[in-house]
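Reading through the structure tokens given below for one structure.
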Amino acid sequence: MEASVPELSWVPAAGGGGRGGGRMLRATAGSVEQRDEEQEDEAEEELRDGGVPFYVNRGGLPVDEETWERMWRHVARIHPNGEALGKETRGATDLPKIPIPSVPTFQPTTTIPQRLEAIQKYIRELQYNHTGTQFFEIKKSRPLTALMDIAKEMTREALPIKCLEAVILGIYLTNNMPGVERFPLSFQSHFSGNHFHHIVLGVHCGGRFGALGTSRREDLMFKPLEFRTLMDLVQEFEGAYRGYWHTLRKVRIGQYVSHDAHSVEQIEWKHSILDLDKLTKEELRKELERHTRDMRLKIGKPAPPSPTKDRRNSMGSPLRGQGSPVRRISRIERRPSGDKKVLEPKSSAEINGYQIRV
């Protein structure tokens, strides 16, 4: 079985001063074995990138000197020619200027499929972040209004992003499209003894499903608005995973996300947790149909009131370290499929190990 060579399609050319710093999210074999299912659900996409721990810039932008140097050291470790590439890039004086993509704008006559394609094109133009350092800190427990502030910063800075950042950006860019419902759709796959996690933004409009997002793999992000059922969309992703010798193990689906950019609601990331090892194809179809009905029911429910202008101002920006209310989704609210499965022991992934990362 072949394994892919690690990639690095984008490296920054200059540093800058700034606030704060970052820290590496470490996941040892012992800690992975001890995590229970709920802890895994809360932070899986943020802990590992294709099975490899990665850094998160927690100090905002511009990146401070310590975080900047740490990023380059990490690049030297994870890229085959990292050290030489770093010296060559940092010492160059004639690097081409990186183009800044324009946030898409639409005419009233622009159709929904055309708008979604334009948004995906913008996400693609930002490029996937292969540096091993996530530039924007995404805390899933933050209220929607705080996450939208981070999305605005993504459009200002125009830096490469990872899959979870792309979901937040996709929500922001579709907020003014009330006919389009958005929901988180995340996957856990298995390959060569390791588990891998990925997330996209599912979309639903006019009786059809699709997806927005970013990935190393072309067929694990954007899906046009042409799938009749949620089952059809999930099977499309499952087929893509098979093409990379990955076995799709779990699918987690959230509820529809509010279109109110100032909402203090938290995104419900995992309303349904479907264990594909324990479900037949027909059982999976029924679970997905039930989740689709649950999402439709949420549309008719009034959202909690948004904060007043004074209250919004007092909340502050997430980049200034203000806390946000933490709400854990109870186990009763979720729809796990089958009995709880004992987590398989996972070996600690080597930074330089070859894996088919998706």
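Yeah, the Cβs are placed from backbone N, Cα and C, and that goes for glycine too.
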85-106, 173-194 - the range that TrEMBL marks as region 'Disordered': 85-106
Residue pair Cys163 (active site), Ser215 (active site) - Cα distance, angstrom, rounded: 6
His198, Ser215 as active-site residues, winner by CB count within 10 A: His198
DSSP-assigned states of the region 'Disordered' (85-106) in counts, ordered helix, strand, coil: 7 helix, 0 strand, 15 coil
Between His198 (active site) and Ser215 (active site), the C-alpha gap once rounded to whole angstrom: 8
